[in-house]
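**Q** One structure, pasted below without further comment.
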Amino acid sequence: MKRFLIIGYPLGHTFSPKMHNLALEHYNISGRYEAMAIDPGEFDQAMETLKKENISGFNITVPYKQSILNHLDKVNPAAAAIGAVNTVVCDREGKWTGYNTDIHGFLHPLKSNIPELKSCLILGAGGAARAVAFALADQPAIKKMAILNRTLSRAKELKADLEIQMPSLQIRCLSGGIHTGEPYDLIVNTSSVGMGSLSGKTPLTDLPSLIHGGTVVYDLIYNPAETLLLREARRLGLQTLNGLPMLIEQGSQAFYLWTGHYFPQKVYDIFSSA
Ligand code: ATR
C-alpha cells in the first residue's frame, strides 16, 4: 500500500486528495493520498519524523515550497534553479528528491497566449511566484517583468536569482502599488490574497491603471473559483484564468513522477469544472 501526502498550512482549500485518489483508483494502484496540515514552527520536526515513515511521495504547498529544500537528498536542476519544490519522490531507501511541476502547470493554460505576452506583473514572491517568474523569464516574447510583494526583501531575493534571465526586473512593495505608465499584457496573482481567511480581498487596488483591453489576468487560486481580482478583471472585460487548470496539470505531472501514469481523462473532466 503506497502512501502519498499533500503538506501545507492551512489545507482546508485543497482538491489534491480527491484528484489523486481518483487517479490511484483508476489505475488500480493500492494506495492513499492524504492531506497533512503542519503548523508553521513544527515543520522541520515533522519532516524529520516523516523521513522515518514509509511514504512514496508528497506534494508541498503554501508556505513550505522553499523550506522543504533543507530536507531533500537531491533536487532536480530546474527546481534547484527556481529555489522551490512542490513535489517530492521518496525512494525505497528513504531518499527524497525534489521537483517543481508548477512551472509546467502554470504555462499549460497560457500556451495559446504566450507569443503575444510581452510584459508581466507578478503579485507575490513566495514559492509559487518563483516558478511563475522563472517560467515567464524563459519565454522569448517577455521583455518586461515586475514583481510586487508585501515583504520587499523576498522580492529582492527573487530579483537577485533572476538577474541573468531578467536583468531589468522591477520590484516594489505590494502596498506601494506600481505606476510605470505602461499597462501589462499579463497580471498573475501568486499571493494568498483572495483565498482562505483572505478570500473577498484583492491584492491590487489599482487594477484599471495597469491594464489594456488585451490584458490577461491569471489568479493561481482555484478555491474560490473566482477571486475578487478575477471578478474585477471580468467586469473590466478582460480575459481571466483561475488556478484550476494549473492545479490539475501540476498534479498530473506529480502523479507521473510517482506512478509512471498521467491523470486519466476523468480527473480532467470532473475537476476542470469544479
Ligand atoms: P507559496 O509557496 O504558495 O507561494 P508562500 O511562499 O507562503 O506560498 O507565499 C505566499 C505569498 O503570499 C507571499 O508572496 C506572501 O507575501 P510575503 O512574502 O510578504 O509573506 C503573500 N501573502 C500572504 N499573505 C498575504 C497578505 N495578507 N497580504 C499580502 N501578501 C500576502
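Indices start at 1 and increase along the chain as displayed.
Even glycines carry a Cβ here, placed using N, Cα and C.
Because the structure is a prediction, the values reported are computed rather than measured.
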**Q** Out of 61-88, 145-172, 201-228, 229-256, which range is noted as coiled coil by TrEMBL?
**A** 145-172
**Q** Which of these binding-site residues is closest to THR14 (shikimate binding site) if you go by CA atoms: GLY124, ARG150, GLY243?
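**A** Of the binding-site residues GLY124, ARG150, GLY243, GLY243 has its Cα closest to that of THR14 (shikimate binding site).
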**Q** Any residues 6+ beyond the ends of the coiled coil (145-172) with a Cβ under 8 Å from its own?
**A** 83, 119-126, 129-130, 133-134, 136-138, 178, 180, 184, 191, 203
**Q** For SER16 (shikimate binding site), just give me the three-state DSSP call.
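**A** Note: SER16 (shikimate binding site) is helical by DSSP.
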**Q** Need this for a regression test: recorded positions PHE15, SER16, THR61, LYS65, ASP102, TYR222, filtered to those with Cα within 10 Å of GLY243 (NADP(+) binding site). What's left?
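**A** Of everything listed, what lies within 10 Å of GLY243 (NADP(+) binding site) (Cα to Cα) is TYR222.
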